Amino acid sequence: MAVIGGSGLYSLDFIENPKRKKFDTPYGQSPEIVLGDLNDKEVAFLPRHGKDHAAPPHRINFRANLWSLRELGVERIFASTAAGSLDLDLEPGEFVLLDQFLDFTKNRTSTFYEGKEGVYHVDMTEPYCPDLRNILQKTAEDLDIPVSSSGTYVCTEGPRFETAAEIRMFRQLGADVVGMTNVPESVLARELEMCYSAVSVVTNFAAGISQERLTHEEVAEIMDENMERLKDLLYSTIPKVPKKRTCPCRNALSGAKVEV
Ligand code: HPA
């Protein structure tokens, strides 16, 4: 099992016997992963932007990140993302368990399958693992952490924030929260037949939803305020994940290859 930490989540102090590891990947980078235990489970932690948040969203080597988790044998991923809210009723500090995304990225490599290994079209009807989302939701209820049990995430290219007009458009398209990193992360996980779930922490109202200017300072501040609750949620969720997978994520490639 792995946790991918977004803005604000740079370490997981509940991992016991932590060891740092690097894996060579065919993608020009060897991300550093922290490996350790939680109860009887092996848990990996990977900060998405790198150890010192060095990579902006459009420069993250998503393929190297996901590939190295696969090399480790990871089958399930819990990702955290900071996100802006497109809805005045969804306030900073609230958690959203994502169930859909809209992809507005522009310049990212969104596949492992460039043609050499064959051509694959993976099903993304349901981009986030429904089983992991259910466990997250039940755990959040047990812990009295208010969460939205579903939400559509619109992924923008960044690193700039959006214009007010873009946010108006995304609202009309049905987005609930906006961020810059869930695509292609979730897509690449699916191509590797991993279960991928994501908790968005609402850090701000998106551009034009409130009249305030957006700053990263505000995003970082609200993430900090909610970090303990986010870690509690992960700490209590991970031990509840059953060993065996029964969701469709594990067979994502079956029937996906173009055969001629
Ligand atoms: N837009 C894009 N990404 C974000 C935002 C936002 O308003 N807040 C946190 N990440």
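In case you wondered, yes, glycine gets a Cβ from its N, Cα and C as well.
Those TrEMBL annotations? Automatic predictions, nothing curated.
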Of S7, S11, S236, which does TrEMBL put in the phosphate site with R48, H49, T81, A82, T181?
S7
Cα-nearest neighbour of S7 (phosphate binding site) within the listed recorded positions, E162, N204, F205, A206, H216:
H216
Nearest-integer angstrom distance between the alpha carbons (Cα) of F205 (substrate binding site) and H216 (site 'Important for substrate specificity'):
12
Enter the number of other CB atoms within 10 angstroms of the CB of M180 (substrate binding site).
26
For the binding-site residues listed here (A82, A206), tell me which residue's CB has the most neighbouring CB atoms inside 10 Å.
A206
Please report the three-state DSSP label of A206 (substrate binding site).
coil
